[in-house]
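Over in TrEMBL, the protein carries these features:
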TRANSMEM  44-64  transmembrane segment
TRANSMEM  76-98  transmembrane segment
TRANSMEM  125-151  transmembrane segment
TRANSMEM  163-182  transmembrane segment
TRANSMEM  194-214  transmembrane segment
TRANSMEM  234-254  transmembrane segment
TRANSMEM  266-291  transmembrane segment
TRANSMEM  311-337  transmembrane segment
TRANSMEM  358-382  transmembrane segment
TRANSMEM  388-410  transmembrane segment
TRANSMEM  422-444  transmembrane segment
TRANSMEM  450-468  transmembrane segment
Amino acid sequence: MARVQAGDNLVPRQVFEMPGENSKEMQSCDSSSQGSGVKLKKRIGLLDGVAIIVGVIVGAGIFVSPKGVLLYSGSIGQSLIVWVLCGVLSMVGALCYAELGTMIPKSGGDYAYIGTAFGPLPAFLYLWVALLILVPTGNAITALTFAQYLLQPFWPSCDAPAVPVQLLAAVITCILTVINCYNVKWVTRVTDIFTGTKVFALLVIVAAGAWYIFSGNTEHWDEPMSGTFSTPGFIALAFYNGLFSYSGWNYLNFVTEELKDPYRNLPKAICISMPVVTIIYVITNVAYFSVLSTDEILASDAVAVTFGDKMLGFMSWLMPFFVACSTFGSLNGAIFASSRLFFVGARNGHLPAAISLINVNCLTPVPSLIFLCVLTLILLFIKDVYALINYVSYVEALFTLLSVSGLLWLRYKQPKTERPIRVNLALPIIFLIICLFLVISSVFQSPIEVGVGTAIIISGIPVYYMTIHRPVEWLTNTSQTINMWCSKFFICMPNQEKFD
(Lines of atoms letter the chains of each structure in order from A; the text may use other names.)
(Lines give C-alpha, C1' and ligand atoms only; values in the text may rest on other atoms or scores of the structure.)
Protein backbone atom coordinates (compact mmCIF):
# COMPACT_ATOMS: atom_id res chain seq x y z
CA MET A 1 0.00 0.00 0.00
CA ALA A 2 1.27 3.48 -0.85
CA ARG A 3 2.48 5.68 1.93
CA VAL A 4 -0.17 7.93 3.45
CA GLN A 5 0.52 11.62 2.89
CA ALA A 6 -1.02 14.29 5.10
CA GLY A 7 -4.09 15.60 3.34
CA ASP A 8 -4.89 12.37 1.43
CA ASN A 9 -8.52 11.32 1.68
CA LEU A 10 -8.51 7.56 2.14
CA VAL A 11 -12.19 7.04 2.92
CA PRO A 12 -14.32 5.72 0.06
CA ARG A 13 -16.15 8.26 -2.05
CA GLN A 14 -19.55 6.80 -1.20
CA VAL A 15 -20.37 4.21 1.42
CA PHE A 16 -24.05 3.83 0.77
CA GLU A 17 -26.64 5.44 -1.43
CA MET A 18 -27.86 8.74 -0.10
CA PRO A 19 -31.63 8.95 0.47
CA GLY A 20 -33.70 11.13 -1.80
CA GLU A 21 -34.77 14.65 -0.96
CA ASN A 22 -38.32 13.60 -0.16
CA SER A 23 -37.27 10.72 2.09
CA LYS A 24 -38.31 10.93 5.73
CA GLU A 25 -34.70 10.10 6.61
CA MET A 26 -33.67 13.49 5.25
CA GLN A 27 -35.48 15.46 7.93
CA SER A 28 -32.55 17.73 8.51
CA CYS A 29 -31.27 19.20 11.75
CA ASP A 30 -30.23 22.19 9.67
CA SER A 31 -32.00 23.25 6.48
CA SER A 32 -28.70 24.45 5.01
CA SER A 33 -27.70 20.84 4.47
CA GLN A 34 -30.11 20.38 1.60
CA GLY A 35 -28.54 20.23 -1.84
CA SER A 36 -25.11 21.40 -0.78
CA GLY A 37 -23.22 18.14 -0.29
CA VAL A 38 -22.09 16.35 2.84
CA LYS A 39 -19.46 18.56 4.44
CA LEU A 40 -18.94 20.72 7.50
CA LYS A 41 -20.76 24.03 7.14
CA LYS A 42 -19.34 27.49 7.81
CA ARG A 43 -21.62 28.52 10.66
CA ILE A 44 -19.19 30.16 13.12
CA GLY A 45 -19.12 33.96 12.98
CA LEU A 46 -16.69 36.45 14.52
CA LEU A 47 -18.45 36.73 17.89
CA ASP A 48 -18.83 32.95 18.07
CA GLY A 49 -15.09 32.65 17.38
CA VAL A 50 -14.28 35.10 20.17
CA ALA A 51 -16.62 33.20 22.51
CA ILE A 52 -14.94 29.87 21.64
CA ILE A 53 -11.43 31.22 22.39
CA VAL A 54 -12.45 33.04 25.59
CA GLY A 55 -14.75 30.18 26.62
CA VAL A 56 -12.09 27.48 26.25
CA ILE A 57 -9.26 29.54 27.80
CA VAL A 58 -11.22 30.76 30.84
CA GLY A 59 -11.85 27.38 32.43
CA ALA A 60 -11.25 26.34 36.01
CA GLY A 61 -7.62 27.51 35.97
CA ILE A 62 -8.10 31.16 36.93
CA PHE A 63 -10.65 30.19 39.61
CA VAL A 64 -8.84 27.19 41.10
CA SER A 65 -5.07 27.31 40.69
CA PRO A 66 -3.45 30.77 40.50
CA LYS A 67 -1.35 29.50 43.38
CA GLY A 68 0.84 27.54 40.93
CA VAL A 69 2.25 30.75 39.46
CA LEU A 70 2.71 32.26 42.93
CA LEU A 71 4.36 29.10 44.25
CA TYR A 72 7.14 29.19 41.65
CA SER A 73 7.37 32.99 41.38
CA GLY A 74 7.89 33.55 45.10
CA SER A 75 6.20 36.97 45.18
CA ILE A 76 2.97 38.60 44.09
CA GLY A 77 4.89 41.16 42.02
CA GLN A 78 6.65 38.55 39.94
CA SER A 79 3.42 36.55 39.70
CA LEU A 80 1.70 39.48 37.99
CA ILE A 81 4.66 39.89 35.63
CA VAL A 82 4.40 36.20 34.73
CA TRP A 83 0.63 36.50 34.12
CA VAL A 84 1.17 39.48 31.80
CA LEU A 85 4.05 37.82 29.91
CA CYS A 86 2.09 34.58 29.56
CA GLY A 87 -0.72 36.60 27.99
CA VAL A 88 1.70 38.35 25.63
CA LEU A 89 3.37 35.04 24.74
CA SER A 90 -0.02 33.43 24.07
CA MET A 91 -0.95 36.39 21.87
CA VAL A 92 2.29 36.03 19.88
CA GLY A 93 1.65 32.30 19.51
CA ALA A 94 -1.94 32.92 18.43
CA LEU A 95 -0.79 35.40 15.75
CA CYS A 96 1.69 32.83 14.44
CA TYR A 97 -1.15 30.32 14.30
CA ALA A 98 -3.28 32.91 12.47
CA GLU A 99 -0.67 32.90 9.68
CA LEU A 100 -0.65 29.10 9.64
CA GLY A 101 -4.45 28.91 9.81
CA THR A 102 -5.00 31.25 6.86
CA MET A 103 -2.18 29.70 4.82
CA ILE A 104 -3.46 26.16 5.55
CA PRO A 105 -7.24 26.68 5.94
CA LYS A 106 -7.96 23.18 7.22
CA SER A 107 -9.42 22.11 10.53
CA GLY A 108 -7.15 20.17 12.90
CA GLY A 109 -4.85 22.94 14.13
CA ASP A 110 -1.36 21.68 15.00
CA TYR A 111 -2.02 18.35 13.31
CA ALA A 112 -2.68 20.01 9.93
CA TYR A 113 0.28 22.41 10.23
CA ILE A 114 2.82 19.78 11.35
CA GLY A 115 1.65 17.44 8.57
CA THR A 116 2.00 20.13 5.90
CA ALA A 117 5.45 21.22 7.09
CA PHE A 118 7.09 17.95 8.16
CA GLY A 119 5.05 15.10 6.72
CA PRO A 120 2.71 12.38 7.98
CA LEU A 121 4.81 10.75 10.74
CA PRO A 122 5.24 13.86 12.97
CA ALA A 123 1.58 14.71 12.36
CA PHE A 124 0.54 11.21 13.40
CA LEU A 125 2.67 11.44 16.56
CA TYR A 126 0.83 14.63 17.53
CA LEU A 127 -2.49 12.89 16.88
CA TRP A 128 -1.27 9.86 18.90
CA VAL A 129 -0.38 11.98 21.93
CA ALA A 130 -3.59 14.01 21.61
CA LEU A 131 -5.52 10.73 21.52
CA LEU A 132 -3.81 9.25 24.60
CA ILE A 133 -3.18 12.31 26.79
CA LEU A 134 -3.97 15.83 25.64
CA VAL A 135 -7.63 15.82 24.64
CA PRO A 136 -9.47 13.14 26.67
CA THR A 137 -7.46 13.83 29.83
CA GLY A 138 -8.16 17.55 29.63
CA ASN A 139 -11.86 16.93 28.99
CA ALA A 140 -12.12 14.35 31.78
CA ILE A 141 -10.49 16.63 34.35
CA THR A 142 -12.69 19.55 33.27
CA ALA A 143 -15.81 17.38 33.65
CA LEU A 144 -14.68 16.15 37.08
CA THR A 145 -13.96 19.72 38.20
CA PHE A 146 -17.46 20.74 37.08
CA ALA A 147 -19.03 17.89 39.06
CA GLN A 148 -16.95 18.54 42.19
CA TYR A 149 -17.94 22.21 42.39
CA LEU A 150 -21.59 21.63 41.53
CA LEU A 151 -21.86 18.99 44.28
CA GLN A 152 -19.78 20.89 46.85
CA PRO A 153 -22.79 22.61 48.53
CA PHE A 154 -24.22 19.16 49.33
CA TRP A 155 -21.01 18.16 51.18
CA PRO A 156 -19.99 21.51 52.75
CA SER A 157 -17.57 20.08 55.33
CA CYS A 158 -15.74 17.56 53.13
CA ASP A 159 -15.07 16.54 49.55
CA ALA A 160 -17.93 14.97 47.61
CA PRO A 161 -17.63 11.15 47.26
CA ALA A 162 -15.89 9.95 44.13
CA VAL A 163 -18.80 7.96 42.65
CA PRO A 164 -21.37 10.81 42.50
CA VAL A 165 -18.68 13.10 41.06
CA GLN A 166 -17.76 10.58 38.37
CA LEU A 167 -21.39 9.84 37.49
CA LEU A 168 -22.31 13.54 37.20
CA ALA A 169 -19.18 14.17 35.12
CA ALA A 170 -20.18 11.29 32.83
CA VAL A 171 -23.74 12.58 32.48
CA ILE A 172 -22.65 16.12 31.57
CA THR A 173 -20.09 14.77 29.08
CA CYS A 174 -22.83 12.75 27.37
CA ILE A 175 -25.28 15.69 27.35
CA LEU A 176 -22.74 18.02 25.75
CA THR A 177 -21.79 15.33 23.23
CA VAL A 178 -25.45 15.00 22.20
CA ILE A 179 -25.73 18.79 21.78
CA ASN A 180 -22.56 18.80 19.67
CA CYS A 181 -23.89 15.94 17.55
CA TYR A 182 -27.22 17.59 16.92
CA ASN A 183 -26.56 21.19 15.98
CA VAL A 184 -23.53 23.49 15.76
CA LYS A 185 -25.77 26.52 16.41
CA TRP A 186 -26.77 25.05 19.76
CA VAL A 187 -23.09 24.60 20.59
CA THR A 188 -22.27 28.22 19.82
CA ARG A 189 -25.27 29.44 21.84
CA VAL A 190 -24.18 27.40 24.88
CA THR A 191 -20.63 28.73 24.42
CA ASP A 192 -21.85 32.34 24.19
CA ILE A 193 -24.03 32.05 27.30
CA PHE A 194 -21.45 30.40 29.53
CA THR A 195 -18.62 32.62 28.30
CA GLY A 196 -20.71 35.59 29.44
CA THR A 197 -21.37 33.86 32.78
CA LYS A 198 -17.69 33.22 33.53
CA VAL A 199 -16.66 36.76 32.52
CA PHE A 200 -19.38 38.07 34.85
CA ALA A 201 -18.01 35.85 37.65
CA LEU A 202 -14.52 37.28 37.19
CA LEU A 203 -15.95 40.82 37.20
CA VAL A 204 -17.63 40.02 40.54
CA ILE A 205 -14.20 39.04 41.92
CA VAL A 206 -12.64 42.19 40.48
CA ALA A 207 -15.39 44.43 41.92
CA ALA A 208 -15.06 42.86 45.38
CA GLY A 209 -11.27 43.24 45.23
CA ALA A 210 -11.53 46.88 44.11
CA TRP A 211 -13.92 47.65 46.99
CA TYR A 212 -11.47 46.01 49.41
CA ILE A 213 -8.50 48.02 48.08
CA PHE A 214 -10.37 51.33 48.07
CA SER A 215 -11.37 50.66 51.67
CA GLY A 216 -7.68 51.16 52.52
CA ASN A 217 -6.58 47.50 52.70
CA THR A 218 -3.30 47.73 50.79
CA GLU A 219 -0.96 45.97 53.22
CA HIS A 220 -0.28 43.08 50.82
CA TRP A 221 1.26 45.52 48.33
CA ASP A 222 3.84 47.04 50.70
CA GLU A 223 6.63 44.78 49.37
CA PRO A 224 5.29 43.13 46.19
CA MET A 225 8.67 41.68 45.11
CA SER A 226 9.62 40.21 48.48
CA GLY A 227 10.65 36.54 48.21
CA THR A 228 11.04 36.55 44.40
CA PHE A 229 12.68 33.44 42.91
CA SER A 230 15.30 33.99 40.20
CA THR A 231 16.24 30.38 39.42
CA PRO A 232 15.54 29.62 35.70
CA GLY A 233 13.90 26.30 36.58
CA PHE A 234 11.39 27.95 38.92
CA ILE A 235 10.69 30.71 36.40
CA ALA A 236 9.98 28.06 33.75
CA LEU A 237 7.57 26.25 36.09
CA ALA A 238 5.83 29.54 36.89
CA PHE A 239 5.37 30.11 33.15
CA TYR A 240 4.11 26.54 32.69
CA ASN A 241 1.41 27.16 35.30
CA GLY A 242 0.48 30.50 33.78
CA LEU A 243 0.41 29.16 30.23
CA PHE A 244 -1.75 26.24 31.40
CA SER A 245 -4.44 28.78 32.38
CA TYR A 246 -4.10 30.39 28.93
CA SER A 247 -4.23 27.06 27.08
CA GLY A 248 -6.93 26.95 24.43
CA TRP A 249 -5.85 30.01 22.43
CA ASN A 250 -5.29 27.73 19.41
CA TYR A 251 -8.67 25.94 19.55
CA LEU A 252 -10.32 28.13 16.91
CA ASN A 253 -7.69 26.78 14.47
CA PHE A 254 -9.18 23.32 15.05
CA VAL A 255 -12.44 24.41 13.38
CA THR A 256 -11.14 26.65 10.56
CA GLU A 257 -13.31 24.88 7.98
CA GLU A 258 -16.46 25.90 9.89
CA LEU A 259 -15.43 29.53 10.38
CA LYS A 260 -17.10 32.11 8.16
CA ASP A 261 -14.53 34.14 6.18
CA PRO A 262 -11.55 32.63 8.08
CA TYR A 263 -9.02 34.99 6.47
CA ARG A 264 -10.76 37.89 8.17
CA ASN A 265 -12.42 36.40 11.24
CA LEU A 266 -9.59 34.15 12.52
CA PRO A 267 -7.08 36.98 13.16
CA LYS A 268 -9.83 39.35 14.34
CA ALA A 269 -11.11 36.81 16.88
CA ILE A 270 -7.56 36.32 18.16
CA CYS A 271 -6.83 40.04 18.40
CA ILE A 272 -10.07 40.66 20.32
CA SER A 273 -10.05 37.67 22.66
CA MET A 274 -6.41 37.46 23.77
CA PRO A 275 -6.09 41.05 25.15
CA VAL A 276 -9.49 40.65 26.84
CA VAL A 277 -8.42 37.40 28.55
CA THR A 278 -5.04 38.85 29.59
CA ILE A 279 -6.58 41.99 31.13
CA ILE A 280 -9.25 39.98 32.97
CA TYR A 281 -6.65 37.52 34.27
CA VAL A 282 -4.31 40.23 35.54
CA ILE A 283 -6.97 42.31 37.33
CA THR A 284 -8.48 39.12 38.79
CA ASN A 285 -5.09 38.23 40.28
CA VAL A 286 -4.73 41.77 41.63
CA ALA A 287 -8.06 41.20 43.41
CA TYR A 288 -6.88 37.84 44.79
CA PHE A 289 -3.57 39.26 46.02
CA SER A 290 -5.30 42.26 47.63
CA VAL A 291 -7.77 40.21 49.67
CA LEU A 292 -5.81 37.02 50.42
CA SER A 293 -2.34 36.72 51.88
CA THR A 294 0.36 34.65 50.17
CA ASP A 295 -0.05 31.91 52.77
CA GLU A 296 -3.83 31.80 52.28
CA ILE A 297 -3.45 31.46 48.51
CA LEU A 298 -0.81 28.73 48.76
CA ALA A 299 -2.93 26.81 51.29
CA SER A 300 -6.09 26.99 49.16
CA ASP A 301 -7.21 24.26 46.76
CA ALA A 302 -9.58 26.71 45.07
CA VAL A 303 -8.54 30.36 45.37
CA ALA A 304 -11.83 31.77 44.08
CA VAL A 305 -13.82 29.78 46.67
CA THR A 306 -11.54 30.98 49.49
CA PHE A 307 -11.93 34.52 48.13
CA GLY A 308 -15.73 34.12 48.10
CA ASP A 309 -15.81 32.78 51.66
CA LYS A 310 -13.93 35.88 52.82
CA MET A 311 -15.68 38.55 50.75
CA LEU A 312 -19.18 37.41 49.76
CA GLY A 313 -20.59 36.26 53.09
CA PHE A 314 -23.91 34.41 52.71
CA MET A 315 -23.50 34.67 48.90
CA SER A 316 -20.24 32.69 48.99
CA TRP A 317 -22.05 29.73 47.37
CA LEU A 318 -21.88 31.73 44.13
CA MET A 319 -18.19 30.95 43.64
CA PRO A 320 -18.53 27.14 43.41
CA PHE A 321 -21.50 27.73 41.09
CA PHE A 322 -19.47 30.10 38.89
CA VAL A 323 -16.57 27.63 38.76
CA ALA A 324 -19.03 24.92 37.66
CA CYS A 325 -20.46 27.22 34.95
CA SER A 326 -16.94 28.07 33.79
CA THR A 327 -15.90 24.45 33.45
CA PHE A 328 -19.21 23.57 31.74
CA GLY A 329 -18.59 26.21 29.06
CA SER A 330 -14.96 25.14 28.66
CA LEU A 331 -15.91 21.49 28.28
CA ASN A 332 -18.51 22.36 25.64
CA GLY A 333 -15.98 24.36 23.59
CA ALA A 334 -13.28 21.71 24.00
CA ILE A 335 -15.57 18.89 22.85
CA PHE A 336 -16.61 20.91 19.80
CA ALA A 337 -13.07 21.85 18.75
CA SER A 338 -11.13 18.71 19.67
CA SER A 339 -13.58 16.34 17.95
CA ARG A 340 -12.57 18.05 14.69
CA LEU A 341 -8.96 17.02 15.33
CA PHE A 342 -9.87 13.33 15.29
CA PHE A 343 -12.25 13.91 12.35
CA VAL A 344 -9.42 15.42 10.26
CA GLY A 345 -6.96 12.73 11.38
CA ALA A 346 -9.35 10.02 10.21
CA ARG A 347 -10.01 11.88 6.96
CA ASN A 348 -6.25 11.80 6.33
CA GLY A 349 -6.11 8.05 6.99
CA HIS A 350 -4.40 8.29 10.40
CA LEU A 351 -7.41 6.94 12.33
CA PRO A 352 -10.19 4.51 11.35
CA ALA A 353 -12.16 5.93 8.42
CA ALA A 354 -15.43 5.72 10.38
CA ILE A 355 -14.32 8.66 12.55
CA SER A 356 -14.23 10.91 9.45
CA LEU A 357 -17.91 10.35 8.59
CA ILE A 358 -20.44 13.20 8.69
CA ASN A 359 -24.11 12.80 9.58
CA VAL A 360 -26.13 13.60 6.44
CA ASN A 361 -28.89 15.36 8.41
CA CYS A 362 -27.06 17.42 11.02
CA LEU A 363 -23.78 17.81 9.08
CA THR A 364 -21.72 17.15 12.20
CA PRO A 365 -18.95 14.54 12.70
CA VAL A 366 -21.10 12.30 14.91
CA PRO A 367 -18.73 9.26 15.01
CA SER A 368 -15.79 11.49 15.97
CA LEU A 369 -17.81 13.10 18.77
CA ILE A 370 -18.94 9.71 20.10
CA PHE A 371 -15.38 8.36 19.85
CA LEU A 372 -14.13 11.32 21.92
CA CYS A 373 -16.97 10.86 24.42
CA VAL A 374 -16.08 7.18 24.94
CA LEU A 375 -12.39 8.03 25.52
CA THR A 376 -13.37 10.70 28.05
CA LEU A 377 -15.78 8.39 29.88
CA ILE A 378 -13.07 5.73 30.23
CA LEU A 379 -10.68 8.25 31.78
CA LEU A 380 -13.39 9.54 34.15
CA PHE A 381 -13.36 6.21 35.95
CA ILE A 382 -9.57 5.80 36.12
CA LYS A 383 -8.46 6.51 39.67
CA ASP A 384 -5.20 8.30 38.84
CA VAL A 385 -6.42 10.38 35.88
CA TYR A 386 -5.03 13.57 37.49
CA ALA A 387 -1.51 12.11 37.29
CA LEU A 388 -1.69 12.31 33.48
CA ILE A 389 -1.96 16.10 33.60
CA ASN A 390 1.70 16.23 34.72
CA TYR A 391 2.75 15.21 31.22
CA VAL A 392 0.43 17.58 29.33
CA SER A 393 2.40 20.84 29.65
CA TYR A 394 5.68 19.40 28.36
CA VAL A 395 4.08 17.51 25.45
CA GLU A 396 1.92 20.51 24.49
CA ALA A 397 4.90 22.88 24.58
CA LEU A 398 6.94 20.44 22.47
CA PHE A 399 4.36 20.20 19.69
CA THR A 400 3.63 23.94 19.80
CA LEU A 401 7.37 24.39 19.29
CA LEU A 402 7.16 22.02 16.30
CA SER A 403 4.19 23.90 14.79
CA VAL A 404 5.92 27.29 14.97
CA SER A 405 9.11 25.68 13.61
CA GLY A 406 6.88 24.58 10.74
CA LEU A 407 5.90 28.20 10.10
CA LEU A 408 9.57 29.17 9.73
CA TRP A 409 10.30 26.08 7.62
CA LEU A 410 7.39 26.85 5.27
CA ARG A 411 8.60 30.45 4.95
CA TYR A 412 11.86 28.97 3.62
CA LYS A 413 10.43 26.00 1.71
CA GLN A 414 7.38 27.73 0.17
CA PRO A 415 8.20 31.45 0.04
CA LYS A 416 5.72 32.16 -2.78
CA THR A 417 2.72 30.48 -1.18
CA GLU A 418 -0.13 32.91 -0.59
CA ARG A 419 -0.28 34.08 3.03
CA PRO A 420 -3.32 36.29 3.75
CA ILE A 421 -1.66 37.08 7.09
CA ARG A 422 2.11 37.39 7.32
CA VAL A 423 3.44 38.15 10.81
CA ASN A 424 6.75 39.86 11.38
CA LEU A 425 9.52 37.24 11.32
CA ALA A 426 10.65 38.34 14.79
CA LEU A 427 7.44 37.04 16.39
CA PRO A 428 7.80 33.32 15.53
CA ILE A 429 11.54 33.49 16.34
CA ILE A 430 10.87 35.00 19.79
CA PHE A 431 8.09 32.49 20.42
CA LEU A 432 10.34 29.63 19.31
CA ILE A 433 13.17 30.70 21.64
CA ILE A 434 10.85 30.98 24.65
CA CYS A 435 9.21 27.60 23.92
CA LEU A 436 12.67 26.08 23.56
CA PHE A 437 13.65 27.53 26.94
CA LEU A 438 10.52 26.09 28.57
CA VAL A 439 11.05 22.64 27.03
CA ILE A 440 14.75 22.48 27.97
CA SER A 441 14.07 23.80 31.49
CA SER A 442 11.42 21.14 32.06
CA VAL A 443 13.96 18.44 31.18
CA PHE A 444 16.08 19.48 34.17
CA GLN A 445 13.23 20.44 36.50
CA SER A 446 10.84 17.50 35.87
CA PRO A 447 12.90 14.70 34.28
CA ILE A 448 10.47 11.90 35.16
CA GLU A 449 7.46 13.64 33.57
CA VAL A 450 9.56 14.55 30.51
CA GLY A 451 10.81 10.97 30.21
CA VAL A 452 7.33 9.46 30.39
CA GLY A 453 5.94 12.07 27.96
CA THR A 454 8.75 11.38 25.49
CA ALA A 455 8.21 7.62 25.81
CA ILE A 456 4.51 8.04 24.98
CA ILE A 457 5.42 10.08 21.88
CA ILE A 458 8.01 7.51 20.72
CA SER A 459 5.55 4.64 21.29
CA GLY A 460 3.52 6.06 18.41
CA ILE A 461 6.26 5.28 15.87
CA PRO A 462 5.74 1.48 15.74
CA VAL A 463 1.98 2.06 15.79
CA TYR A 464 2.35 4.30 12.72
CA TYR A 465 4.35 1.72 10.76
CA MET A 466 2.02 -1.14 11.75
CA THR A 467 -1.26 0.63 11.01
CA ILE A 468 -0.50 3.39 8.48
CA HIS A 469 2.76 2.83 6.57
CA ARG A 470 2.38 -0.94 6.06
CA PRO A 471 -1.01 -1.79 7.56
CA VAL A 472 -1.87 -5.33 8.61
CA GLU A 473 -4.58 -6.76 6.37
CA TRP A 474 -6.93 -7.82 9.15
CA LEU A 475 -6.81 -4.30 10.62
CA THR A 476 -7.75 -2.83 7.23
CA ASN A 477 -10.65 -5.25 6.88
CA THR A 478 -11.83 -4.53 10.43
CA SER A 479 -11.67 -0.77 9.77
CA GLN A 480 -13.78 -1.17 6.62
CA THR A 481 -16.37 -3.24 8.49
CA ILE A 482 -16.62 -0.63 11.28
CA ASN A 483 -16.81 2.12 8.65
CA MET A 484 -19.77 0.46 6.92
CA TRP A 485 -21.57 -0.21 10.22
CA CYS A 486 -21.11 3.40 11.41
CA SER A 487 -22.27 4.73 8.04
CA LYS A 488 -25.56 2.87 8.37
CA PHE A 489 -26.10 3.20 12.12
CA PHE A 490 -25.32 6.95 12.35
CA ILE A 491 -26.67 7.81 8.85
CA CYS A 492 -23.29 9.18 7.80
CA MET A 493 -21.23 9.66 4.65
CA PRO A 494 -17.63 10.65 3.96
CA ASN A 495 -16.77 14.32 3.71
CA GLN A 496 -17.36 15.44 0.10
CA GLU A 497 -15.31 18.64 0.25
CA LYS A 498 -12.07 18.50 -1.73
CA PHE A 499 -8.78 19.95 -0.48
CA ASP A 500 -5.66 20.90 -2.37
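Glycine is treated like the rest: Cβ placed from N, Cα and C.
Contact between the transmembrane segment (266-291) and the transmembrane segment (422-444) does not hold: fewer than three of their C-beta pairs are under 8 Å, each pair 6 or more apart in sequence. Taking residue pairs at least 6 apart in sequence, the transmembrane segment (388-410) and the transmembrane segment (450-468) share three or more C-beta contacts under 8 angstroms. Remark: the transmembrane segment (234-254) makes no contact with the transmembrane segment (125-151), by the rule of 3 or more CB pairs under 8 A. Under the criterion of 3 or more C-beta pairs below 8 Å, with sequence separation of 6 or more, the transmembrane segment (163-182) and the transmembrane segment (311-337) qualify as touching. Non-local neighbours of the transmembrane segment (311-337) in the same chain are 52, 55-56, 58-60, 63-64, 135, 138-139, 142-143, 145-146, 149-150, 152-153, 172-173, 176-177, 179-180, 184, 187, 190-191, 193-195, 197-198, 201, 204, 208-209, 212, 248, 251-252, 254-255, 291, 302, 304-305, 369, 372-373; each lies 6+ residues outside the stretch with a CB under 8 Å from one of its CB atoms. In terms of C-beta pairs under 8 Å, the stretch of 44-64, 76-98, 125-151, 194-214 lying closest in packing to the transmembrane segment (388-410) is 125-151. The list of residues near the transmembrane segment (194-214) in space but at least 6 beyond its ends in sequence, with Cβ under 8 angstroms from a Cβ of it, reads 51, 54-55, 58, 62-63, 280, 283-284, 286-288, 290-291, 304, 307, 311-312, 318-319, 322-323, 325-326, 328-329, 332.
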